[in-house]
Every structure is written in C-alpha cells, then in structure tokens.
C-alpha cells in the first residue's frame, strides 16, 4: 500500500525537558520520525520546549516551535499551521497526555485533525489501569490482583484486600512518578497522597506485590495489515520491585525457556491487537513467577519508549523511524531494512548473535539525605549500554562505561570484617545503585550462593556469571603478569577484563599492561550490528569490539577521517547538550567531505544512531578503547572538546600516546582547567578575578582563607556540573570540605575564591580560530552568582546589563581566547558586582548553553567550531559580526527534587538540574513566563503568598512585596520578614514558625493556603521550617523561589501574556538574518 495522500501536514509533539523517567531517548525517536516523514514529502510541524534537542534544529521540520507542550499553546499553533494529523507517540508520556487534553477540549474535533500512530481509545485502554485489566481479561491474560482508587478513603478500604507489601502506581505518569512499595499503613498513606497529586486523572492502581518475580519486556511493531514483529526481548536482571529504568537489563533475554518466550511473544501480539495499536511500536512488560512459571502482564506503553531506544540500538532496527512510516499507511513488507539494504525488508524480525547489557547511571551524591534505595519510582539520570559476545564481556564493558570510578567489579568494602558482612547483606536485600558490586563482595566473602539468591532474588544464572568473574579476578591476582601467554591473556579479555582492571588486580600500571598486551600482538577485533547475525553482507559500519579472530571493521585508507569522542552516560552536569554538539560536529564534517567516526556508549542519544556518522563504535569512552580504534582507523584528527569532561580528562594521556587531537591543544585546556596556571594568564592580561588562592591541602587552605576572607567558594580542577564545588562560611565548613570531599581530587589543585555576594553572573559562548573571535551570545543569569550556571535561568540578550559592561565583556572574552590559543568553542563565566567585571572561569570546550544560543540566534555554533578545528577560518565561514536578536530567549532549568522527597531543594554552586526548556518572547517577561510554563511551574495570578527571607534579603524583598500587593496577592510573612514589610508600609499577616504557636507554617501549608512561596535561607544553616516549606511546596506543586533574583523574575512573568507571541524558529531566524 502506498503512503497516505489525504494527509499533507503532520504535527509532531516532542517530550519537553529531560527529566527522570523521560530523557533524551525521545529526541532520538522524534528526530527519526521527523526525518522519515519529511523524506516521504509531508510538511512537518514540530513542537518541543527543549532547545538542546536535535529534533528542534530548524532543518528537521518545516515549522519548528520551541514552545511549552501545553494544550493551550498547541491550540494556537494549530490555528496558525492547520495540520491534517497529529503524531503523539514520539514524545513520551508528555505528548500522550497533551493529545488527551486536546481531545478533551474539543480542539482536534473542531479543527478536523486525525491522530495517527495511536487512537484516543488505545491510549486510554493502555493508560487507564481498569480498562487495561478488563482488556487483558478479555484475551485470557492474567494481570496482578489490583484495585483502582480515586482518594485516600478508597485506598484504605482496598488495602486490607490486597495486603502488604503493596505496589502503588498512579495513572498517566512517567518513570513511576508518585508510586512506590508500601510495607505498612504509614508508607501506604504517604505514597497514595503523593500519587494522587501527581496523577493527571487522580487515579491510583493498588497492586498485589510481585516482588521477586522475574521481569521481561518485549518491543513489538505492528502495521495496518496486522503484520507484527518482535524487535527484541529484554530481561531485567533485577527482579520485580525495582523500576525497569533503574534495573540492569540484558538483551536478548537470557533465562527464558523457548516455550516461555513463545508464550510471551504470542501474548505481546495479542495485547497490541486488543489495545488497538494498529500502526507503530509498543512496549509490553511481563512478570514470571520463578517458582511455577506463572506469567502476568504488568503494563504496556502504546508508544515508543526508553526501552524502544535501547532495543533500536541493541538490534540496529530503527523502531521510531519504522513506527512513523507505519503511521502514514506504509506496511512492514514495503519498508526496507536500512542496515542490510535491498536484501531484506522491515518485516523480518532482527536476529542478534551478541549480548547487550544496560546499566543505569545514578546521581545520588548530588542530593544529600535522599533515599537512595531502588523501588518502583525511577531515580536514575542516565544509562550506558555495552555489547559483547557473552554476557560477562558486555557486563564488564558496561561497568567500564559508567564513569563512576570503577573498571569492573571493584570492591566496595575496604576491610572484610563481621561488620562488613552485615553491610553487604543489607545492601543485597535493600537494593541501592551499587548492589551489583556488593554481590561481588559477597562472593569474595564466601557468602553462599543460596543466601545471595535469597537476599537479592536475582536469577542464579546471573549470579553464577558474576561468581565466575570474581574467581578469575583471584586467578589474575596470583599470576606473574610478566610471564603471561597469549591465550591466557586473551581468555581474560574475552571475559571482559579491561587493561586497567587487570593492572589493578596485578598491582601494575595500565600502561605496563597495555605494553605487555601489545608485545603479545593481542588486539580486539570489531564486529558489526547488522540485524541478521551476519546472514547478509552490509555496508553499515555500526560496530563493537570483542576478542575473537575475524575483524569486520574493514577501515579504509581515507586520510580525511575525524574521530569524535562522545559524552558517555547522561548525568547531572553532562547531558544531552554535549551530545547535540557531537552530532553537529559529525554533520558539519560529513558535509565537508570528511569521514566521521563516533565513539560513544549511550543508547539514548542521537549520536549513537547508525546513520549520524560514517562509522559508529559503541564502546566505553576509556583510554584503552580509544587507542585501539585510533590504531586501526588512523584518523586525521580526534575531537575531544564536544563530549564534556569525559574525553577532556583523557587529553593528556591521548596526547602522550601520539593521538592527533585537533582544535584547542591539551596544553591550552590545562591552562584553563588548572586553576594555578589560569590565574597567571588572568594576571598577565590585567583582568580581575575574585581574590583567590590555589591550595593542595587543608593547612594551606586555612592560611589562605584568612587572607581571602569568608564566604569562600571552593572550586576543584577538572570537574563538570560544579561537582564538589561549595560555598563555605567559616573554618569549620572549610575543614569539613577538605576532610570529606577533597580526597577525590588529590591529583589537582583546589581554587579558593572570595564569594561575590549579590553579583550578576554572565555566560558567554564564543568561537576562536586563532586569529579572530566570534561572540556567539552574551547571557545574563537570573539567579545571582554562586548558583551554578547550569541551574540558573538565563536571558539572551541580557535584560539588565548596560552596553558599556557588555562591550567590556566582549573585549575580555577576545583577549582570553587569543591568550589561551583556543581553536574552536569556548565558554567564559563572569560575575558583575558594582560595575566591576570578575572572571569566574574559562572552559575551552563545548558548553551546555551551545544549543540554546544556537536556537536563539540562528547560528549553528558547534558546526562552525568543528570546521574551525579542521582549518576553516571564521572569515571563510562568514562569521564576523555577533548576532543580537530583537526578541528575547530565556533558558529555564528543570530540577528533579520531586523524585528525592526530603531533600532541601536549595540551589548552590553544585549543579542539580536534569534538563532545560526555552521560552521566546518579544520582551524578557513574556519569554520568562513561557519558559516557566514549559518547565511546568505552577504560577497563579492571585491568592496568598508566603514570604520568609534571610536578613540580608529583607531590604530587597520590600519592593517585590509591593508589586505582589499591587497585582492583588495577599501576603503572609514570618516574624522578621513581616516586621520589615510592616515597617515599610506593606500589610502582611504574621505566620508563626514551628514552636512559636498555633496555627504555624506547617498548619497553613497543610490547609493549602499558599499559591506561591518566597523563602531564602543562609546556606550554612539547616533550618527546620525551610525544610517543611520546601517539601510541602514540592508535594502540593506550589511555585517557590529560593533567591530574590528568582522571585523578581517570577513576579515579572506573572504579569505577562505568554500566548501573544508564538512563531516558528524558521520565521524567527529569517527575521534575525534580515535585521543583522
């Protein structure tokens, strides 16, 4: 059947910002859908609020709207663009919920817009727990014993029937948000209260516990002719009770019998038919009782998902692309298999002859005091995927990819005692992010296999695999590595041992182990991901390393090869923005005739799509793998500046190994990263820095701190996302920092800065070609200096800085770029205090603001800088004059505190946000208002506001309180703040702090009296009232600000109209070009 011709234009909904439970896998799926449908000749209208996505690049769609994914905004876009159809299955839960809202408001019916890829009925049947259970019963499939409730009273009535432990799952949420496992009445009440608030339909499913059952997933694709294929089976190593996004998973499933697999396969196909997924992909989750083989259906997602991205990368089968093509009427047998080409169609199920392991990446260290135990609510930030010929090989490669300081099964226990045995057993029973390594320690401590199984409920097949690795480790510790033979060494490598891990076990250096291996002429070979287990020849160079005999890499002798090192797993501080830059580098250099080679290990990203670069190596970004790929590919150059700190940390070792690094040299990178060397350059240029000193130990720090004066900002070298940065207010804080944190940074000096209070922070992105400097954009932060730049909203152009200050900033950026011999991208951060300009730091690499600036100005900075690295000047690329747009763009951040209940959501020098959104308006307040709507800030136009600020903010709060009064808000304030307001003629109701009398803050919060909270505290104090305020605000979705600057911007936004300026990126960029 040909594609549908009755549809001319399609509106695609994106997923919005990166949050826990919904990450960059939806940029991957959305980008694939845009490309596929555009190639078929459809007009594509795209809506997404996330500027850091490839899908929002202006060439991906005909009309691109970086706007909030909110039904009221989509309504305006529909009125402007008049689409024929809407595709909601590429944008995760956000897009599905939005299309339901559009349907409920009658907008789709009014404008005669057809939903493709899914139907309202199929979405409701899959997402509504009662309808889903009814559908499964109809086709003879079991589901867990469960009840639907809509309030706390109903919940209490059903729990006695279900019994404890019980699993609570809210409807229409993502990543298990608001859910959890309740072991008693108190936990049950708390989880249900939270779940009801987060569920858009105010509906909870109370499930019987299936903890300990084995969990599986099937990725299924169906077309309109009822052709169905299973793309991939996925097995969770962790049993039921842990969210699948937080589980270690393996593909294909390893412990299913053929009969179980066939039953699951048939059930999956029946489920898609019954739910009504007629065209596209879906994910179906099952649980199997390991005692008797009983199978039940957990749930299904009638859309592409996190697992779809993993399955696509695991098999090479582009699920999102195929699903988009099926949505417009094509069938599986009409679509070719892109990897194999003409020999096969998409109707053949992929066959794989290797093993995939996915391990999630957590960031609990960023949220002190959070509950780090793993449950049904997802908490991981990112993930890695590794490929090997065996499970053991892929598992060890996955661990090497995580960048958490492990090279394999590194021990978590320093000294084995009876106390440590207790610790190990507790970690096995109550799963945390490090349980895998504690299992290894359990084997080292000779804890019986049967006991490890009873504590973890992980299938014994996986436990035996881990035990064998630990046995081999003990063998490595005993041998004389200098006398090792080729076959013996190869045996270790086949089991997944890296050179570094062998070095650690044999008490040698990695360099020595590599030298021994090279002398033995032992090197990996590379196999291809081809969807068919090598049954057909193919030209797609999507590869992984292993230790067999035949190599399928077949590198050519082209001397125009560029290797791009990716950013590895998503984590706070290093996210999708860096992948965006890597993709742009590959695109630009391919356009210029270079063969691009990508090395990365993140299955969620666009950079690991098989058609982004000429050759893709899905490998850990570690020294060993890079040197091996460089050895066989012999590239012209290697780009290390686009993948964040992951590749930058390897710069010196790569240079020592004669790897041809292009762009800014490792020495120049060190000049900016090494605090002592950078200080000399700033001094030479007669520029200002806050009073500072570089120290290497506590004694030096105490002496220098007396000279610098408190408060002091502590900045380690070679970190990203403000890792371990802290503001300290006295010697006690300083001592604690050095005793608890600095042990991780022994190799590098530590910078102590005088902390500039109430300063404005400014970010500048620029490109230098060695002769000229192009200013990409000057961004003014909304939060004051001291809040990490990645956690502060910012505006382009600057919204309060005068022209003289901005011109001086431009001058200083140019001086720094030329002095540091930057060749490519650089980012400079300044603090402005009383018209004085202070340099905070310079990063001669891609910054997380590059996508935002590129979208705001229409200048593809990452592409231009990549061309600079290969020798093209800025003049040759016509990059001469800075682009200053007439509109305002505001980047706002999205914070994950709702996943870490009990943690004070306080902003500081260490980054905590997971993602970002962008708002565009004719003025600052409209742009900021739109950004807040996109970030799902719950702003009200009237109601009661609670204000409680620290002493240093009491002067500044007065004018803001006046504005709130004028808008029509009623004010409450704590004692000191109320006194300041009343003395300034502003009426405010006094509210008691805890223990000051009833009713107090806690009572008023419980009574839902507030619509907005302004609460600032001294960073060096933990205030009981503040913790209660923050937690209540999170639980009840009350908008809150923790800084005066943030409150000032919020109040401006409250008075704006975000819907009056909605335009496409293409029109906006055309306007910029015509006026610059």
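Here the Cβ of each residue, glycine as well, is placed from N, Cα and C on the backbone.
Swiss-Prot annotates 715, 754, 756, 761, 786, 787, 788, 789, 841 as ATP 2-binding residues; of 699, 829, the candidate listed for that same site is 829. Listed in sequence order, the residues of the same chain lying 6 or more apart from residue 299 (Mg(2+) 1 binding site) and placing their CB within less than 8 Å of its CB are 126, 132, 284, 285. Within 10 Å of residue 301 (Mn(2+) 2 binding site), judged by CA to CA distance, lies none of the binding-site residues 215, 242, 715, 829, 843. DSSP assigns residue 129 (ATP 1 binding site) to a helix.
In terms of DSSP helix, strand and coil, the region 'Allosteric domain' (937-1076) has 66 helix, 20 strand, 54 coil. Across the domain 'ATP-grasp 2' (679-870), the prediction's mean pLDDT works out to 88.
Residues 715, 754, 756, 761, 786, 787, 788, 789, 829, 841 are listed as the ATP 2 binders, and the farthest two of them sit 18 Å apart at their Cα atoms.
DSSP classifies residue 756 (ATP 2 binding site) as coil under the three-state reduction. A sphere of 10 angstroms centred on the C-beta of residue 841 (Mg(2+) 3 binding site) encloses 17 other C-beta atoms. Around the Cβ of residue 285 (ATP 1 binding site), a 10 Å sphere holds 21 further Cβ atoms from the protein chains shown. When the alpha carbons of residue 242 (ATP 1 binding site) and residue 841 (Mg(2+) 3 binding site) are compared, the span between them is 41 angstrom.
Residue 786 (ATP 2 binding site) falls outside any helix or strand according to DSSP and counts as coil. In the three-state DSSP classification, residue 242 (ATP 1 binding site) falls within coil.
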